[in-house]
Every structure is written in C-alpha cells, then in structure tokens.
Amino acid sequence: MAELIQILVSGLAAGSIYALAAVGFTLLWQASQTINFAQGEFVMLPAFFVLIGMTVLGLPMWTSILLALVLSLLILGVAFKRLIVEPMLPHGTLPLVIATIALGLLLKESVKEFYGATAQPFPAIFPQTVYNVAGASVSVQDICNLVVSMLAIGGLQLFLNRTRTGRCMQASAQNPAVAEILGVNVKRMVLYTFLINAALATIASVLISPIYLAKFSNGETLGLVAFIAAIVGGFNQIRGALVGGLLIGVIDNLSAVYISAQYRAAMPLLLLIAIILLRPQGLLGTPEGRTV
Amino acid sequence: MNMRADNTNAPILSVHNISKQFGGIRAVNGVSFDVRKGEILGLIGPNGSGKSTLFNCILGQLKPTEGHCEINGRSTDGVRPADLSLMGVGRTFQQLSVFPKMSVLDNVILAGQEHQGSMLSRLLGKPDAGLTGKAEQLIEFFRLTPYRDTPAGSLSYGQQKLVDAAMAFMAGPGIVLLDEPAGGVNLTMLGHLKERLVTYNREHGTTFVVIEHNMEFVMSLCTRIIVLAQGEIIAEGTPDEIRSNQMVIDAYLGG
C-alpha cells in the first residue's frame, strides 16, 4: 500500500508535467490546426535558456527563469507563429506538421551543437526533502510539481471560461469567420494561444529538468508522451489533455514497478493503440469532423 | 395594428443605384430602394438574381462597382464587418453562425460585443460585461430558456437558427438583415421563427430586411417585397400585389 501511494504520487507529479505539454498541444490544434511535433523540444529548450542565464550571464536562478520565460514567449510563441505557422498553414495541415518536425530537429541539434551533448545538472526549485507519509516516501518536489502544474492548468481554464478575452479565444477557435464578424480580433487571439503554449512549455521545462537533467534529447520522449496524452484524453479538450497526461504518468510509473522497467516506454504506446481502436475521439473528447 | 408602417422618419437603409460587375457578368444592375424604420422588407428572386450580391454590397462585404448604401445616413462602403454591429446593424447568416461548444447563453453574450473595452477590462472586468441579463431576455424571447446552458452545437438545426437570431438582436440593432432564415428549418420551427420576428418587430420597432427563397415565409412575414431578376428590380409592392404580378410569375416560372 505504501509503495502504491509512492508510485501514485510520483506518477501524478510526472503526469501533471506531461499534461502541461499536452494542454499546449490541444490549444494550438484548436486555435490554428497546428499539430506541433516540436512540442517536446519546446519543453526541452527553456531549461537551456535558464542555464545560459545562470552560467553565461551569471544571473540568479529566478531572474534566469524570468529571462527564459521571456525568450520562450518570443521564440516559441511569437516567432514560431510568425515564421513557421503563418506561412505554412495555408498549404494545409500536413506541410505544417512536417515543418514542426523539422523545427524540432533544428532545436535539438542546435542545443547539442551550441551548448553540449551531455546532460546538464539543473538547479532544484523546490526542496529535495522526502517525507515519510504512512510508510510511503513522498518527495516535496513531486508534490510541488503537481501543485504548480495543476494551478497553471486550473488558472488557464478559469482564464478561458471566466474572462472575456478567454471566451473570445474559444470563439475564435470554434468559428473564426463569425468571431471576426462579431469584431473579435481573431489573429490576436491565436497569438495569445501561442504565447500560452510557450508559457506552459517553460513551466514544464523548469519543473521537469531538475528531475531528468537538461539534455538536448529530452524532447524526444516528452513530445511523444504529450502527443499520446493529448490523443488519449481527447485532442479537442483541455481537461482531456489533463486526464491523458496524469493517466500516462501513473501508468508509466506503475508499469515500471509492477510489469517491467525495460518495457515501461512501451506502455503509453499500448495505451495509444487501445484508445485509437476503442475510442478514437479520446476519453473525454468529442468526435470532430474536419476536412484536412 | 403595429409600428410597421411608421413612415414619418428618414429611411434607415438607403440603397442608391447599386451595380456590381464580376468580370463580364453584371450581377446587380442599378438597384435603388429605401427601407423605413419598422418595415419588414423581403428581398426575393430566383437563383442567380443577384440577391446575395446585393446583400453583401449593403453589408459592405463587397464593394459595389457603382452606387452606395447608407444605414442611418452613414455609408457602409469600406465598413469592417465588426463595425456594422456597432452601427446597430444585426445580421444572421445563411450558414449557421453559432459557436458549437459554447453554451447558448455564452453565444448570445458574445454577440453583444463583450469583447469591446480596454484590455484590462476584458481580463479583469465582469466576465460578461453586464450582458447576461439582456442575453437571458432574448433567450427567453426565442423560447430557448431550457437550452440556456446547452452547447449550441448540440441543438437541432432550427433551434440553432433561433440562437442565430437571438445573437443578431443582441447588439440592440435598429435593423437586422436576415439571410435565408427559413433555409433548412422545419415547418413548426418556421412558424415559431416567423411569429417571434413579427412580435419583436411590433414590440421594438426593429426593421428587418429578409432575403429568402421560401415564398410562403416571405409572403406571410413581410410588409413589402422587392423582387429581383437578373440583377434588376422587376417588381415592388405588398405581398398581395407581388402574388398577382405577371412579371414575377414569369420570372419564377421561367416564362
């Protein structure tokens, strides 16, 4: 029982970080039909911005994190939209998908080339203390990661549902032509989506890097897991991406302990296959007809 | 009986000698008419008669080759679609215009220009900019209250048309342009829609311009009808006059 609690907590903590990336995935899809296969690299990169701030510029950790956030908003938000999505989108979804795959490779190889191929230690934001709760070792870091991720996603949901800007973003995603006619600045709403995705990626990066270290290739697994989480939960629902992320985090940790550590990476893929066969719209998603 | 024939005012909509040329085809040719406050004007004509082109010229979405339109004395030439609703012009669409995953209430609120105002008020101000009350009245008026919190996309087609109409009235318009409101709507719902439009017109004096294929619907709804054929006005008058007009009969029967 104690072991199970331990696994569940660390599974949920990891899953909540996957969920951040997955939520970004679904947001971009809804707002601009962008399937971002560079999403994993989007989570990998901000950690290196933080490291550059700390080691190259000699800034304190929190200033470096702020710097990373600003750089991510500019590069992964504004520049990504302006330089890749806007020129490619008129050519259809598939060319854009291929462009994002290329972008992922570019980001990955650039970090390897300019920063280094070895895993870099990343400063811990939260205390590394481990408490014993009912016989289970529960780390403060896990709990904090879970809380921060949930706050970020909860805050995003509140923003989208309770503010006028948020509702205009939803309207722009659901029926851009009519939103435009009603006077909503659709282009700006789409930009907000890209900025939110960049911010979520930065949060995920800062939370996950102390655990897995900062490495150029981190995006490979992260991107795949976020993609699977989005599909499992339902590609067109934020709460679907949340559930998908948490589920994969828990399944991953459970299977590492109870099935086989060697095959843990296969479990999310098996889940993906099962979902595609049995419930293609995802656990919480709604069927969607779209011509691509 | 009602305010429909209030003829003391200046026209709310004036169409001045509008022509629209697409390459070698003259879709609309020198059309002029006025619409006065409180009127329900029907704009009918066979397929290809230039109705939709004229409609889009009035709304400023197509630039006429010649002529211009004025709404409340203000030219619609070059007006952005979003500004039309600020000018008190509501419109419905031939295709459905709802936001499918948002509730009926949120749809109607959104149509009330809740996105206006400063960035700060949009982020921190009341989530609905104080529009919920008005939206609920319109939802009640169109008898959609049971579906207030239902995602608009899960309603029937006819019900979505009613949501569409409620949205068009939300900006508090003096004039509403309805683009084929009867298209694809079943008979019961159509009767309901017509009854609601007439009631709204009587209670609020709102002016309607209706483009429509469904002759029965137009004849029973409108106070005046303009018939277009091949881009020109071939007849104008009350429903009874139009019904018995030989040119109209010929145009529709291809005679």
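Cβ from N, Cα, C; glycine included.
Keep in mind that this is a model prediction, so the values were computed, not measured.
Sequence-distant contacts of the transmembrane segment (A:7-31) (same chain, at least 6 residues past either end, Cβ-Cβ under 8 Å): 39-40, 42-43, 136, 138-139, 141-143, 145-146, 149-150, 152-153, 156, 169, 172-174, 189-190, 193-194, 196-197, 200-201, 203-204, 207-208, 211, 222-223, 225-227, 229-230, 233, 235-238, 240-242, 244-254, 257. Residues or ranges marked as transmembrane segment in TrEMBL: A:7-31 (among others).
The annotation transmembrane segment is assigned in TrEMBL to A:43-76 (among others). Proximity of distant same-chain residues to the transmembrane segment (A:43-76), defined by a Cβ-Cβ separation under 8 Å and at least 6 residues beyond the stretch ends, is recorded for 20-21, 107-108, 111, 115, 120, 122-123, 125, 194-195, 197-199, 201-202, 204-206, 208-209, 214-219, 222-223, 226.
The transmembrane segment feature in TrEMBL is assigned to A:88-107 (among others). Sequence-distant contacts of the transmembrane segment (A:88-107) (same chain, at least 6 residues past either end, Cβ-Cβ under 8 Å): 32-38, 40-42, 44-45, 80, 219, 223, 292.
For A:140-160 (among others), the entry in TrEMBL reads transmembrane segment.
What TrEMBL lists as transmembrane segment is A:190-212 (among others).
The annotation transmembrane segment is assigned in TrEMBL to A:224-251 (among others).
For A:263-282 (among others), the entry in TrEMBL reads transmembrane segment. Within its own chain, the transmembrane segment (A:263-282) has Cβ neighbours under 8 Å at 221, 224-225, 228-235, 237, 240, 244, 247-248, 251-252, 255-256, 288, counting only residues six or more beyond its boundaries.
Sequence-distant contacts of the transmembrane segment (A:140-160) (same chain, at least 6 residues past either end, Cβ-Cβ under 8 Å): 9-10, 12-14, 16-17, 19-20, 23, 124-131, 166-167, 169-170, 196, 200, 203-204, 207-208, 210-211, 238-239, 242.
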